[in-house]
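Quick look at what Swiss-Prot lists:
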BINDING   GLY95, PHE111, SER112, ASP113, LEU114, THR115, PHE116  S-adenosyl-L-methionine binding site
Amino acid sequence: MKLNIIAVGALTKEYKTLYEIYNKKVSFFSTINLIEIKEVTEPNIELKIKKETKLILEKIPKNSKVFYMSLTGKKMKSEEFASLLCEDNLTFIIGGSNGVEEKYFDNKICFSDLTFPHQLFRVILIEQIYRGFAINNNIKYHK
């Protein structure tokens, strides 16, 4: 199974430690290819969004089913999210702090109405990926 996470920005040491804890757990089921896009320094927000979106689109692996993590996306329970992980070649996208041009992304997922810091959200995403694999493999983790 191929899983990709494309995210704008890099994790600080503290968040990277948390991310790696779950990445190690996920590694029993799949390898996650993490692609970090450098945040664009641009005072014009609209132009910044366009540039970051272009960089993201260039990094999406061929034939990958893409899910953009968005406040306007579909809300789902952990079991439904777990069912997505039965497919191969998935890419999850976490845009920059100003978002992306959403018109390029048909599949959108929303984990919450709350807004999270992007670094924390990356940890939340990989935890949910692990939770999904635990559900699919009947591992006692999800309650």
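Numbering starts at 1 and runs along the chain as it is shown here.
Cβ from N, Cα, C; glycine included.
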Note down the number of other Cβ atoms within 10 Å of the Cβ of THR115 (S-adenosyl-L-methionine binding site), including every protein chain shown.
8
With Cβ-Cβ distance below 8 Å and at least 6 positions apart along the chain, what are the contacts of PHE111 (S-adenosyl-L-methionine binding site)? List them in sequence order.
MET69, LYS75, PHE121, ILE124, LEU125, GLN128
How many Å separate the two farthest-apart Cα atoms among the S-adenosyl-L-methionine-binding residues GLY95, PHE111, SER112, ASP113, LEU114, THR115, PHE116?
16
Reduce the DSSP letter at SER112 (S-adenosyl-L-methionine binding site) to three states and note it down.
coil
